[in-house]
Each structure stands twice: as structure tokens, then as C-alpha cells.
Amino acid sequence: MELNKCTVQQPITTIYRLHMFFHSLIMLALVYYRLSHLFYFETVLCLHALAWVLITLGEVSFIVKWFFGQGTRWRPVARDVFPERITCKDSQLPAIDVMVFTANPKKEPIVDVMNTVISAMALDYPTDKLVVYLADDGGCPLTLYAIEEACGFAKLWLPFCRKYGIKTRCPKAFFSPLGEDDRVLKNDDFVAEQKEIKLKYEEFQQNVNSAGESGRIKGDVEPDRAPFVKLRVSGIISNAPYLLVLDCDFFCHDPTSARKAMCFHLDPNLSPSLAYVQFPQVFYNVSKSDIYDVKIRQAYKTIWHGMDGIQGPVLSGTGYFLKRKALYTSPGLKDEFHRSPEKHFGLSRKFIASLKENNGYTKQEKVISEATIEEARTLATCAYEDGTHWGEEASWTSTYLYPERPSFLGCAPVDMQGFSSQLVKWVAALTQAGLSHLNPLTYGMKSRMRTVQCLCYAYLMYFSLYSWGMVLHASVPSTSLLLGIQVYPEVHDPWFAVYVIAFISTILENMSESIPEGGSVKTWWMEYRALMMMGVSAIWLGGCKAIIEKFIGTQGEKLYLSDKAIDEKKLKKYEKGKFDFQGIGILAVPLITFSVLNLVGFLVGVNQVIITMKFGDVLGQLLVSSFFVFVVVTVVIDVVSFLKVS
């Protein structure tokens, strides 16, 4: 019996393809209109011609971004798994190494990190086939103390979860509203044990917090230090053939996720070329209004499903089960190792030997030898792979599973500063990749990637094209109104109808990605407003940052960590649907500037219509400016009022 099932999403796929054909004709018509009318100007040095060229560039940016995005809409699929059909015994299941990453205890609360570790320990998987590693790039002594305390608590927590079939195996989540279903009265023994467990959990929390607050154990980051190994380098300690990678704030919410992932990795038709199984990022603290669009539904409800229908989604950074072999070779080599393995895998003899073991599971020693620890220190250095060919092999595929119960739950930012800073980081990194020699338009086309898959990667890496289109549309029409320049066709011109159709087609496409996936018109509006706001601020600045760094040849800033410590005041404000702009700094400048510019331009345009009684000439520009003002002006009022109070 099949372990998984892949279904092409219908009728949405057919609708998408029909829309692609129709919308592409409209886009070609608009390009023809813009380019052909450019030659009507007597000189290209006049302001009117300049405005025409700029608005043309803005429209081309939107069109190119739309074209790339069609790869994600070509063949969206949905997958189901049947873990109950796994026929092998638990003793025959492949081993899994869980890798949890943390870096800064001030931004990533240590108790929350430990909750992630404990939830991973509690996965519904054979205990002798599951090893959990915590990689602390900050080298914080308090983190080491906390992991020892967490292991002590886990000895009570894990048997409790297995005994009563608890699904919510993250302690913090279990004792919150997320665990209400699991806390339903079962019997007197359960009630008694639950009380005891809660007391032990509170004791564990108090021990960790008091150790840090009292200064008894240092809670600071120690960046300049030699690698310290107590739990850490899995390749030579347990050498499991599969890895689960988790950010420290994404705890395991479904204990069966490992078995679900194995429904793909154990499938003989998929497994030979399958690198990883990606699960979506889902957040437990998203408000009903979601004013910042922290769900990023377009990514996890549309783009990832679309890429899964071709060769698989990109890595989301957390929540994926990775085949270890995919880290150092390609599926076609069939475990053939090079004559000079040091050139590809570094100088660690023990690690190279582990590769030759055909990824066989090495049972963890109760007492790890000093030689193994010394080898692990070498592997733990950040520069270990320098000078090698590590990572040059490719041609793996991936799959995407969006289960009904979220497999992993994370903590979303609850203010403008948190989400926009994260977005700047993401866009800058993606744009940097798009400007590198490994970009999907040159390197991708030469590789084994399908053309449609290259379009998907191009859509992500050049997403900042949207921001350039937004910036030009947020500035050129309103400025043209102030200067008395016309950049759109008159109402009675047939080309005006083409623009109206293009606008309606774009909005309907956007709605089709929000409303059918459990959303509503209000949901779409909130997401669209957030996208417009971020388009002229965070997304634009992220793209500019990447271009500038590419131009001047810098390597970019060090890793930016979003703050996972939730401020209760900000949380309450967010839950009420009110924006919080504290700390956004330079991001407020383009938001206010473009909004004021469009508001002034709109008022000037309306005044011109009243005086001349002719609205046909400027209606297009009035509609663009009024739409931008309508979407963003309420937010800007909040920004200005916030700045006054500050």
C-alpha cells in the first residue's frame, strides 16, 4: 500500500492556467502601449517623457515579477500521508538526529528554547533512534545549565506524555490554551500526575530563570571561544541518516511528524532523489486581524504547494526532515566516494569514515571518548569546510506536507519593527542570491532544474522587483498630478479600458490566493495592505541593501536575530489590531513620504478637476493616488501620532 498520495489541486490549476493566458495578453498589450507611445514625444529629455519612462519601468517590474510567479501557479499539488501503513517494525525505522539552533539568550528566551528541545525529545519515535542536539552559537553557559535541567524534567515529562497519549508535547503549550484538548479530564490518576508534572515544570522554569537573574551562571553570549562539545556534532557521534532541523522557537506540536516524514523517505519511488520533507511555518500567536501578515499565507499556502508540483519547495529554514546524504553528495553517485575525499569533505578522518559507512546508524556511546570529542571540536569550527568542494553537488528533489494539525509551531513578531526587520533580512539575502553567479536565470537554466522551477526560484530571489514597481507607482502618478503631466490614457481612450481590466485581473488573482485557502475578503485586504506597506519600506530597503552591498563588494552584516521575547504591552496592542511602530526608524521615512506625496497629489488633482470640470485626462492618476492613500494613509496617521507621542 502507498505511504503517501499526491493530488494536483483542481479546478484551481485549470483556472490558474486560463488566467495566465488571459493576463499575459493584457500585459503584452500594456507593454506595446507604453513603448509605442514613447515615440510620440518630440524629445526624450522633457519631464513628460521622463515620467512616461519611469512609469513604464514600474509596470515592467510588475510584469516581470508576475511572469516569474506563474511558475508557482503552474501545477500546485497537495499531499497526504498514511503513517499507519508503515510496515517495518520500530526497530527497523531509520534513526533521526534533531538539530535545534540558538544564538542569543537575550533575544531567544532560554526556557522557550528548552521547550523546543523537550518537545523534540518527546516525538513519537523509537527512543533509541532519536538523538537531540542543541547547537548554541552564542556559547552561553546558562544555556548549557538549562539543557541539563531540561533533561532532568524530560525524564518525567516523556513517560507522562506516552502514558496518556498526549499530543501537545511541548510543556509550555500543554499548560496553555493550546493544550486544552489534552487536559480534558481522563481519570483521577491523570489529574494527580498532571498536577505533579506542572509543579516540576514550574520548578524547572524557576531554576533556569533564577540562575540567570542572580548571576550565579553567566547568561551572556561568548562569541570568541573554542568549540565546546557536550551535545553537538552528530556526524561522528550518532550519524543518523536523517536530520530534523528546528529553529529554537519552533517546537514540535505533532508528535507523529517524524513518522509522517518517513512516509516520503521510505517510499522507494521518491526516496532515491528526495533530499528533504518541508513542513510549513505556522505561528501560535497570530491575531485574528493579522495586520502585519505574519502568516505569510502566500508562501505556505500557494508558492510552496506550487513548487512541490514541479521539483519541490525551497528550504524554509526550519521544520524539515533532511537526508544526511544530501549534505555532501548527489543522488546519482550511489555512495561512490572520490579518490581524494579530503578535497570534498575536509580533513576529519573520523567524519570521512562515517560517510563510508553508508549512513549506517551509530549507536551513541554512553561515555563519548576523548578522541571523538576532539574530532567533534574540529568539525564544530565555522571554517571547517573552507578550501573544500563541499556543497557543489546537486539535483535533489523535495516534498511539502501541510497537515491539518501543525507539526511545528513558532512565535511570530507582534510589532512593525520585528516583522519588517525580519523581512529586510529575508529580501536582502534572496536578492544577494539572485545577483550571484548561482542565480536561477543563468546557473539554474544550465543545471538539471526544470525551466518552470527556475521561474519559481526567480520569483523568490527577485521579489524586490515588486517594491521597485510599488515605489514608482507611489511617486510618479502623484508627482505628475502636481506638475500637470499625463501618464495614463484618457477615459474615452480604449487603452483606459485595458488598464481597468489589468487592475481587476490582478486583484482577482491576488484574491484567489487568499480567499479559497480559509480566508475572506477582510483577510485579503489585510494581507494586501501589509504587502503595499512593506513594498515601499522593508522590501524596497532590503533589495537596495543587497544591490549596494553587491556594488561595493561587502559581505553584508552578521546574522540578524528577531526578538522572540514577547512584550506583553505590544502583544495586547497587536491583538486589538493596532499598529506598533516603535523602533522602525528609517522604515517610517518612505511610508510617510509616499503617503503625503499621494495625498497632496490627489488633492491637487481633485482641485484641477473642479476648476476645469474635466476629469477624463487625470482620472487614471487620481485612481492610482487615491488607492495608495486609501490603503496606507490610516497607517501613516498612526505613524505620525506615534512619533508625536514619542
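Using N, Cα and C of the backbone, Cβ positions are placed for all residues, glycine too.
Just so you know, TrEMBL annotations are computer predictions that nobody has curated.
Annotated in TrEMBL:
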type	residues	note
TRANSMEM	21-41	transmembrane segment
TRANSMEM	47-68	transmembrane segment
BINDING	K107, E108, D137	UDP-alpha-D-glucose binding site
TRANSMEM	454-474	transmembrane segment
TRANSMEM	584-606	transmembrane segment
TRANSMEM	618-643	transmembrane segment
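Across 21-41, 454-474, 584-606, stretch 454-474 shows the highest tally of CB pairs under 8 A with the transmembrane segment (47-68). Counting every protein chain shown, the number of other Cβ atoms lying within 10 Å of the Cβ of K107 (UDP-alpha-D-glucose binding site) is 16. Listed binding-site residues: E108, D137; maximum Cβ neighbour count within 10 Å falls on E108.
The binding residues for UDP-alpha-D-glucose are recorded as K107, E108, D137; their greatest pairwise CA distance is 13 Å.
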